[in-house]
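Taken from TrEMBL as is:
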- Glu70, Asp133, Ile135, Asp136, Asp279: Mg(2+) binding site (BINDING)
Amino acid sequence: MPEGEEGVKWRGTQIRHGRPGERVQKVLLQSDVHSKSDESPVTVADYGSQALVSFVLEKELHTEVTMVAEEDSADLRNEGATETLERITKLINETISNDGSYSVPPLSSEDVLIAIDRGDSEGGPSGRHWVLDPIDGTKGFVRGDQYAIALALLEDGKVVLGVLACPNLPLSPIGSDGQSFLQKEVGCLFYAKVGGGTHMEHLLMHVCATEDPAEASFFESFEAAHSSHDLSSAIASKLGVRAPPVRMDSQAKYGALARGDGAIYLRFPRKGYREKIWDHAAGCLVVTEAGGVATDAAGNPLDFSKGKLLDLDTGIVVSNQKLMPSLLKAVRDSLNEASRGTPSL
Ligand SMILES: Nc1ncnc2c1ncn2[C@@H]1O[C@H](COP(=O)(O)O)[C@@H](OP(=O)(O)O)[C@H]1O
Ligand SMILES: [Mg+2]
Ligand SMILES: [Mg+2]
Ligand SMILES: [Mg+2]
């Protein structure tokens, strides 16, 4: 980032930097943030991360990898994107060389495009597919807040492995005052294998065991455009939750829930929005292996076998086993009230 600049501008908002994070997050330039056809942001880091994960999976697994991943190379193949592609290629080559695990000649821009496009699998109910969100919470990443690199493995439509790298998530629990965001010790890696529990670094963890909604705090998207803050507040008050919401970008929410920082995660996108599997596959296993439950608003388990999109009823609700029945009832009641246009919503 040029000297004296405090961050980048995204859609008129000055984005600050200054919290600890990855090198790329700190040095993100305004020209590194682009708009996709759905108007959502994508950065050189989203592309770079997808290419790197694809490169490493191929190197480590010695086999052809099929991946259902968020990004594709179409925009980077446009003539106007040459400089961006060069910058991504440079960042990737620097990362591989600094890491030192692979002695390979520098990747060309074409190698990078091919690595990104290894993520073009459609997924589905059969076979093995890696599911990747190379930067989940791009808006949080650009803002200098939370983001996650989310990788999952699907076997015959079921998530059997989930990894969430959350470089800005504090090691100590997050309170609803958000204070621990200011702590220096950040960076958590959550991983879960089906039947093997959820681990953070070397610790086995468990979701918060509370049965009392008054003790439970809840997570939701920082971005109100991703999930209705009004609806979750109505649900929380119906359930008797006293604590204010903890708003955070990315699947770091699933990681924080898995280690018991809060007890509930609510996600209610606007009508018509279809959730993508890469936004939930890794997080869902990280939570369920820690003893939690993730369902849609009707209480159905999340089904990752239908291709890129999750086919679900209304929203996503995550909690522990004990709170789930009363939480789902509060969700149902609040949704009914909202559809009747009750003024409190
Ligand atoms: N209108 C919308 N409603 C719900 N989710 C949305 C959305 N627009 C984008 N998203 C998804 O929300 C994800 C971030 O979730 P969160 O709000 O929990 O940080 C984004 O992931 P990316 O940042 O990987 O694109 C994107 O896939
Ligand atoms: Mg995105
Ligand atoms: Mg995402
Ligand atoms: Mg993403």
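Placed from the backbone N, Cα and C atoms, the Cβ positions cover glycine too.
Any TrEMBL annotation is an automated prediction that lacks curation.
Overlay of TrEMBL feature records on the structure.
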residue	record	DSSP class
Glu70	Mg(2+) binding site	coil
Asp133	Mg(2+) binding site	strand
Asp279	Mg(2+) binding site	helix
Cβ neighbour count within 10 Å, max among the binding-site residues Glu70, Ile135, Asp136, Asp279, goes to Asp136
Listed in sequence order, the binding-site residues from Ile135, Asp136, Asp279 whose CB sits under 6 Å from ligand 4 are Ile135, Asp136
Note on Mg(2+): the CB centroid of Glu70, Asp133, Ile135, Asp136, Asp279 has further same-chain residues inside 8 Å, namely Asp46, Leu132, Pro134, Gly137, Thr138, Ala148, Ala150, Ser250, Gln251, Lys276, Trp278
So Asp133 (Mg(2+) binding site), by the Cβ count within 10 Å over all chains shown, scores 32
